[in-house]
Ligand SMILES: Nc1ncnc2c1ncn2[C@@H]1O[C@H](COP(=O)(O)OP(=O)(O)O)[C@@H](O)[C@H]1O
Ligand SMILES: N[C@@H](CCC(=O)OP(=O)(O)O)C(=O)O
């Protein structure tokens, strides 16, 4: 990902369905409605939280002041904070960010404690209790753990505790290598059903090219693919502690957009102005209505364990008419999965059209393929109703889906 010169930013088609009880509308639709956010995920990068010597306590205090002011007016905030590696390597006596993964993990293990200790002290000025939540993208892919993380975060918010999320770096190598805290923040925004994602970096906006170039200009909002055509995001940050640069931020905004959540990208010092309605930073709009968290989990987060290939009739029934997928319409499959796993649903040309949760395992399926429900019941017993993926357990993929991952 890091070597990409430009990114393609596309929007999902309007979402279908919505789990019962989930809000279908987002009060934050434009910059002017930022103040209406009921729940915000704020992500801050290493470059904004650390210096060569370790934690930048002034910057952390300023961030905490901002969050406290939002909380005071009733906005719930989940903070996704990087900085563990950058805080840890000076403590280990290293002059610069280590390159090898094991030392980065060691630095994160050292730095995370100090990071949380300082957050605890700083939020203490507002009598606010903080909670450390360490996640990995892989964990969020498993339905059971996704639900557990959702429950824990929701409970922390109702207890008025300040959740501070970071990747569990000691076990998550992808994170350290690719700077995926931006992506983690987008997934967290979906997890807690936030109204808004705010990405805070050491640069105040997305620019057409690296901000150090004289002809680079601020992009004030992104509403379609065209707004990002030719935008150069490949040059890494000059601080040398951030990991993903703008590539992962734009990708994260794309993930958030597909789940109906707009993103504001700006710097920590300008965030207060943005919340006061000033035209700062870059605003990533959302097209279409909000996806349910479940649909977003199926479409974006879940680990794919296999692929089902459909005949043309099944493609029409399932994709165009929204029916459940019956064994009769499956011509072949690949992968190893059990009931409850997520698989891709493809047409006969190999085009992936949807994802869904299977009701049967890969060892049960061979006897079922191409067979009508009636035949299945006769041959295999009444328990085999032939519905391999129920319509409620399936989500159509936007044509752009792969652009975000
Ligand atoms: N088109 C661009 N617009 C803005 N910043 C860019 C762009 N391309 C590269 N960058 C660099 O991305 C950096 C932010 O990424 P990173 O260092 O990973 O930050 P963080 O630690 O906040 O995640 C900026 O400091 C800037 O130097
Ligand atoms: N989990 C890592 C963060 C890695 C990361 O995504 O960094 P950044 O690009 O600064 O947001 C840490 O705490 O150091």
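Placement of Cβ uses the backbone N, Cα and C atoms for every residue, glycine included.
According to TrEMBL, the feature ATP binding site maps to 43, 201, 202, 243, 244, 245, 246, 247, 248, 249. Note on residue 43 (ATP binding site): other Cβ atoms within 10 Å of its Cβ, all shown chains, come to 27.
Annotation comment: TrEMBL describes 82, 169, 181 as substrate binding site. Under the DSSP three-state reduction, residue 169 (substrate binding site) is assigned to coil, being neither helix nor strand.
The domain 'PUA' annotation in TrEMBL covers 306-389.
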Which one is it: of the binding-site residues 169, 202, which Cβ has the fewest other Cβ atoms within 10 Å in this structure? 202
Which whole-number value in Å describes the distance between the Cα atoms of residue 43 (ATP binding site) and residue 82 (substrate binding site)? 8
Taking just the CA atoms, what is the gap between residue 82 (substrate binding site) and residue 248 (ATP binding site) in Å? 13
How many Å lie between the Cα of residue 169 (substrate binding site) and the Cα of residue 248 (ATP binding site)? 17
